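J.: Provided herewith is a single structure, encoded as structure tokens, for subsequent inquiry.
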């Protein structure tokens, strides 16, 4: 390891034996159920809803919640995992409600993209307070606050132990942040897409908030998610994952240690993959 790389590892709080190798962790065993050919087995894309940042589902950012999320992410980065994040913006702007009142769909989508960037900057600030180098990359150019989205640069940041936060969605209307998360995960060669949910610990056969007898699935095939309309993510995102065999893990975000459990491949939440098992 050269002096520059060693310094970067010390800055990120990692020992030399925890540092990612030059191929982004390639060659290390992937957790059971998350194995995918030709990817970095210790690199993950974390998808977070904007509503999670508000704590109680209201508007704005709850600093205590964002601090908790940042602390959890920082812990897994120090363990040598590479983490990229895609954030929603529902805590600042809910375009669907305004579209019902006649607002143009494209304009409301662009407004939502700007909301995601505010969340990105909030998470970046709390991660850097944890001592984790972080870069925000946006699909809409805003040079004063973020880098443009460049996949190879994002991968290089990850290999150096930095967290990369992707903002402004796809930069185009009509695409959800779930679809953005799937696309970014594929482009950076992530092992899986981890979907952290607020108040839900996996995928159920019906809404557990309204049906106390709802059953949680341990694992599902992509086709079953689509056929049963289980709403893990939007159809475009699920299809993109299915076509490229990108595993999805749906789990409770704010339970302590859950992000670490998800990246380690522990039995948590619901796993969605091409064979519907954790083997």
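If you go along the chain as it appears here, the first residue is 1 and each next one adds 1.
Here the Cβ of each residue, glycine as well, is placed from N, Cα and C on the backbone.
Automatic, uncurated: that is what TrEMBL annotation is.
Pasting the relevant annotations from TrEMBL:
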- 1-32: region 'Disordered' (REGION)
- 43-251: domain 'Aspartate/glutamate/uridylate kinase' (DOMAIN)
- 47, 48, 49, 50, 90, 94, 198, 204, 207: ATP binding site (BINDING)
- 55-60: region 'Involved in allosteric activation by GTP' (REGION)
- 89, 109, 170, 171, 172, 173, 174, 175, 176, 177: UMP binding site (BINDING)
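On this model, are these features tucked inside or out on the surface, and what's nearby?
T.: Proximity of residue 90 (ATP binding site) to non-local residues of its own chain (separation of 6 or more, Cβ distance below 8 Å) is seen for 49, 50, 51, 112, 115, given in sequence order.
Residues belonging to the region 'Involved in allosteric activation by GTP' (55-60) score a mean pLDDT of 78 in the model.
Around residue 172 (UMP binding site), a 10 Å sphere centred on its CB holds 14 further CB atoms from the protein chains shown.
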J.: Check the Cα-Cα distances from residue 174 (UMP binding site) to the binding-site residues 47, 198, 207 and tell me which is shortest.
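T.: Considering only the listed binding-site residues, the nearest one is 47.
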J.: For the recorded UMP site, whose residues are 89, 109, 170, 171, 172, 173, 174, 175, 176, 177, find every other residue on that chain with a C-beta no more than 8 angstroms from the centre of their C-beta atoms, and list them by sequence position.
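T.: Counting only non-site residues, the set is 112, 113, 169, 179, 180.
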J.: When you rank 47, 198, 207 by Cα distance to residue 176 (UMP binding site), which of the binding-site residues ends up on top as the closest?
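T.: Looking at Cα distances from residue 176 (UMP binding site), the smallest one goes to 47.
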